[in-house]
Every structure is written in structure tokens, then in C-alpha cells.
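First comes the structure, then the notes that go with it.
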Amino acid sequence: MSPQTETKASVGFKAGVKDYKLTYHTPDYETKDTDILAAFRVTPQPGVPPEEAGAAVAAESSTGTWTTVWTDGLTSLDRYKGRCYHIEPVAGEESQFIAYVAYPLDLFEEGSVTNMFTSIVGNVFGFKALRALRLEDLRIPPAYSKTFQGPPHGIQVERDKLNKYGRPLLGCTIKPKLGLSAKNYGRAVYECLRGGLDFTKDDENVNSQPFMRWRDRFLFCAEAIYKAQAETGEIKGHYLNATAGTCEEMIKRAVFARELGVPIVMHDYLTGGFTANTSLAHYCRDNGLLLHIHRAMHAVIDRQKNHGMHFRVLAKALRMSGGDHIHAGTVVGKLEGEREITLGFVDLLRDDYIEKDRSRGIYFTQDWVSLPGVLPVASGGIHVWHMPALTEIFGDDSVLQFGGGTLGHPWGNAPGAVANRVALEACVQARNEGRDLACEGNEIIRAAAKWSPELAAACEVWKEIKFEFPAMDTL
């Protein structure tokens, strides 16, 4: 070894492995307004102290690696490293705790959810020192959120485009989700829209399969939309699913939808990916298309309480990436969703400023500044008897989507749509008159059914249907 090499090796660098907590656990750190803050639920392996586990999360999701490297000396770790600045126990769980980590803004590419998630929820989730790891919440600073376009249009612009105010919007997923020909599919769309719905929807699985190619579906659905609009005098839409195997094909489908003059397209944002979703959102804003977002695959990521990522984080990511609607659970239907937690991330989707509220699972105050809001979509196992609860829980700025609750009507699709529209109008009128939907909901629906035979038939069919299972998503 030359003298020069010896000198370099002996100054400022010592090879080997050292505890993460010596560098990345900084309890005295005061967070900056520009930091991205994360709350992780950490379950360390037996014998791993909380401070070491929390510091390991901060290190492995930012600048750290398993051993000391000499190139650390070529940059400023103090400027770029993530910091575990606070640790707190999880009530009722001996082996779990919440680790709060602050990330400097310069770690992330502007306008890229893909890059942000690659760091924060990347390889660290496979780290052997941890038995499980879950990202519960993120605080996105205005300095970062302002680098995103966000939703193509937002709630107010959508209402202005549709000329619909003062009530939730009504939708319906066409069933059976797979197997219909394009012409029969378009017929079902027409019947539902003519009956009083604002939107119909492609199921998330419907892309371009042998039984129904995308171009045929788009054409027959456009015909249905224009026919229903002419008959009802209302603006109608169908969520044409542009999700495809490549970004180029996805954009091609969105271009065709725009050329048909329809108001809205759709994307499966998790299976399609954030890069594709952001690209489509940009196209939709530039070309006047609304963008409906389905969350297929979310439960793979968010349903386990100890590992993965909570949906409130996926909801924030979607607001940044871009979408005008997103499915957000129902509280009362067949899909997972506890009331206060669901309302917590619904507010994160719609509101400009959301205060920290741990009772609703919100770990950080979130200021979206001018990023447009997203309409939450309640969908999955809901029917006319749920209408009072849905109207009370979600309020006007929402989309209530009845698939089987429309198409399962004993008299057909159009009467099913009529039943839902009558039930909604009755609930909105009762609420505006000061009645309590939570207490008087069934009475309101029964009264409306007396002058709507379609609603009366729907009430009879679904009077015994319930989905009563304990929610997995609890605090």
C-alpha cells in the first residue's frame, strides 16, 4: 500500500458496520416546513431496539446502506439523510411502535410520485431487521405538492361541466363485468343513463378483451350517451376505461374518447402505475376530459394492519398524480371501510386544509394549497336502503355508484336507475328540510316509495341484504 493510500484511508473514513441509530436517530431534530414527514408502524425483530429499527427505516429509505462507504465523504449526509425524529408506542401492541421520519425535499424528483414512493416505500419494506412495516401517513409540504398538476379539473370544474349542483352524483358499474358484447354493453349503458343516472362505468377488468374490443365499446357507449342526453336533457357520461398494456396504447384510447366528444375516461391507477396515471392526467387536463380512477389492487397493499401502506397514503398520492374521482369505500356496503377512518381520507381527497386528527387516523396536518380536490366514489354492495346513510356520510361532493343495486332491479336497468334517482332526490330534499337522515332514513325511503313503483320494487328486493363483518381497518 502506498503512503498516499494510507493517508487517505486513515482520514475521515473507517470501514465496517455501525449502528444506524448513531447517524439516523435524531430526537432533537426540529422538522422543517419543506420536509416530507412519514409515520411508519414498525414491528422489529426480537432483540432490535425501537431506536435502531426506526433509524434503520430512515436510513434504508434515504441515504443509508448496510455498511460504511468511503463515498459518504463526498457529499453532505446531514443535508440529505432521512431522520427518525420521534418514536411512540402503539396502544395495545407490545411489539409495535410508530416511527416518525423526516426526509429533506431534495431527495425527491419534482412532480414524480413514482420517485417519491421508490424511496419511501422501496427496499426498506424487505429489511430483515423488521418483522413488518407499514406506512400510516405522509405529510406532503406545499413546496413539493406545488410541483404537481394534480387532478385534471377538480370538483367545482366538474360540476360546472356537468351543470349539476346540490346533490351527490349517481353512477353504476355495468354488470356482468365481463362477457357482454359491445352492442349489448352499450344498450345497458343507455338504459341506466336514461333512467336518471349521471354516469355509468366500465368495470376495472374491462380493457380490450376478445369478447369486446375497446374501440367497439367506446363507439356503442358514445351512442348511448348521446341518445340518453337527447331524451333527458341532462349531461351524461360513461367512464371509458383507457387502461392498457402500454402508456402509448392508453393515450391512444384517451385520444379516441376525446374525438368522440365524451366527457370522461377512466384509469386503474395502481395496476397501471403512477407514471402512466400522471401522463393520462396531464392529457386529460390539456384536452378537457374528466378522469375517473379505480383503485384495483389497493387491498393487496393496504388491508394488512401491520405491513404495507394505508389507503390514506395512496389517496394522497392519487391527488398528486391526478384524478377527478377515486373509489374510497362505502362504510355501509360489501367492501372494507370503517366510518371515521374512511371520512379521514375522504377529507384528504376533497379539502384544501386538513388538521391532524389521530381519532381519524390523520397523523399530520396537510395543506394542499391550490391542488384541486377529488370526488370520493362510494361503490360496492350498496342499494336504495343505503341511500340515506350514504348521503349523510359522504355529503354532496361524492359519487354514489350502484352496480348490482341498479342492474339487479326486478324490472330491468332503467327502472333500477329510476329507483336510485328517486331515493337520492328524496334524501337530499329531506336533508335540506332539516330532517335527520341517520334516524329517519328508512321512513324517508318508504314515503318516497309510495309514489314511485320502481323504488317500491327495489325496496322489496333488497330489504334483507346486509354485509355485516367487522372492519379490518381500525386504529
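Placed from the backbone N, Cα and C atoms, the Cβ positions cover glycine too.
Look at Swiss-Prot and you will find Pro3 tagged as N-acetylproline. Positions annotated as N6,N6,N6-trimethyllysine by Swiss-Prot: Lys14. What Swiss-Prot lists as substrate binding site is Asn123, Thr173, Lys177, Arg295, His327, Ser379. Sequence annotations record features per position, and here Swiss-Prot assigns active site, proton acceptor to Lys175, His294. The annotation N6-carboxylysine is assigned in Swiss-Prot to Lys201 on the grounds of sequence analysis. Marked as site 'Transition state stabilizer' by Swiss-Prot on the basis of sequence analysis: Lys334.
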(request) Could you work out which of the active-site residues (Lys175, His294) has its C-beta surrounded by the smallest number of other C-beta atoms within 10 A? (result) Lys175
(message) Between the Cα atoms of Asn123 (substrate binding site) and the residue listed as 'N6-carboxylysine', what distance do you get, rounded to the nearest Å?
(response) 36
(message) For a quick check of packing: other C-beta atoms within 10 Å of the C-beta of Lys177 (substrate binding site), how many?
(response) 13
(request) Using the structure shown, find which entry in Lys14, Lys201, His327 (the recorded positions) has the sparsest Cβ neighbourhood within 10 Å. (result) Lys14
(message) Between Arg295 (substrate binding site) and the residue listed as 'N6-carboxylysine', how many Å separate their Cα atoms?
(response) 14
(message) Here's one to test understanding: among the recorded positions Lys14, Lys201, His294, whose C-alpha is closest in space to the C-alpha of Lys177 (substrate binding site)?
(response) Lys201
(request) Rank the binding-site residues Asn123, Thr173, Ser379 by the number of other Cβ atoms within 10 Å of each Cβ, and give the residue at the low end. (result) Asn123
(request) Round to the nearest Å and give the CA-to-CA distance linking Lys175 (active site, proton acceptor) with Ser379 (substrate binding site). (result) 13
(request) May I ask for the distance between Thr173 (substrate binding site) and Lys14 (N6,N6,N6-trimethyllysine), taken between their Cα atoms and rounded to an integer number of Å? (result) 62
(request) Can you see whether DSSP assigns Asn123 (substrate binding site) to helix, strand or coil? (result) helix
